[in-house]
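Here's what TrEMBL has on this protein:
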type: DOMAIN; residues: 117-241; note: domain 'Fatty acid hydroxylase'
type: TRANSMEM; residues: 29-50; note: transmembrane segment
type: TRANSMEM; residues: 71-93; note: transmembrane segment
type: TRANSMEM; residues: 113-131; note: transmembrane segment
Amino acid sequence: MLIIEKIQDTWAAICNHYRPGDIEIAGVILSQVVGFIIPATIYLLIDIIFPSFSRKHKLQQRQPTWAQIRHCIKISLMNQIWIAAAHILGVYLQGLDHSFLIMDPKLPSFTMLASDFIFGMAAREILFYYIHRALHHPSIYVYIHKMHHKYTAPISFAAEYAHPVEHVLANVLPIVAPLTIKGTHFLSLMAFTVFELWEAAADHSGYDFLKLPPASIHDLHHEKFRVNYSTLGIMDWIHGTDVVGWDRPKRKEIQFAPGKERKDK
Ligand SMILES: [Zn+2]
Ligand SMILES: [Zn+2]
């Protein structure tokens, strides 16, 4: 309990000493660094420093080249920077004495935090599924989403390697919009954003250590394209798109169960 009280005191002090806009800007930058840049870098370092461990534990044995890795990191960081800059500009324009988000000096309760996570994950699952599936429509795919599918071999930074339109519609909105509209506590939104960004990096890393949810779901999407459009697998199960060849009914179908090892692929 003591640690909760210390966090409460620290958060209350931050709220008392800094303007809401300053806190929001710090939160935007910190969430990107803690949730994405640090985990994605760690996953990449595993590939480089421990290649035999990497070969043993990666879902796919294919590896991107150094040139591909450098290009992926560059575009991914550019997406992070421009979306953070747009958010920070919005905060400045409305004035630093205000915030788009709820800056309550009292910490959210555990029950509220849990309900925000459940709501956020459900909303993201639904939104990401339909937006992602729409991006695979033949009249849209080549212009926007094809860029994200450049990397069929797993690399953590590929989570944010996307066309700017896709980055806003599929990467940012499904995570941020539901809890913002719900009017959740700023710290709930930051914690949820960090979790979802880490999950995106894990999904693209090729490693499936924690299975929260199984990275194998989205890894298979990058390998086979027209399968597993969601992140949790629930919307794919509902729509029957969790099976390779679901859109080619005459061909032999390969059942994919989330969480199963796919060392044979
Ligand atoms: Zn992806
Ligand atoms: Zn896709």
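Cβ atoms are placed via backbone N, Cα and C, with glycine included.
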Same-chain residues at least 6 beyond the ends of the transmembrane segment (29-50) whose Cβ lies under 8 Å from its Cβ atoms
58, 63, 69, 76-77, 80, 84, 155-157, 159-160, 190, 193-198, 200-202, 205-207
Restricting to the domain 'Fatty acid hydroxylase' (117-241), report the mean pLDDT as a whole number.
93
Please list the DSSP helix, strand and coil residue counts for the domain 'Fatty acid hydroxylase' (117-241).
89 helix, 1 strand, 35 coil
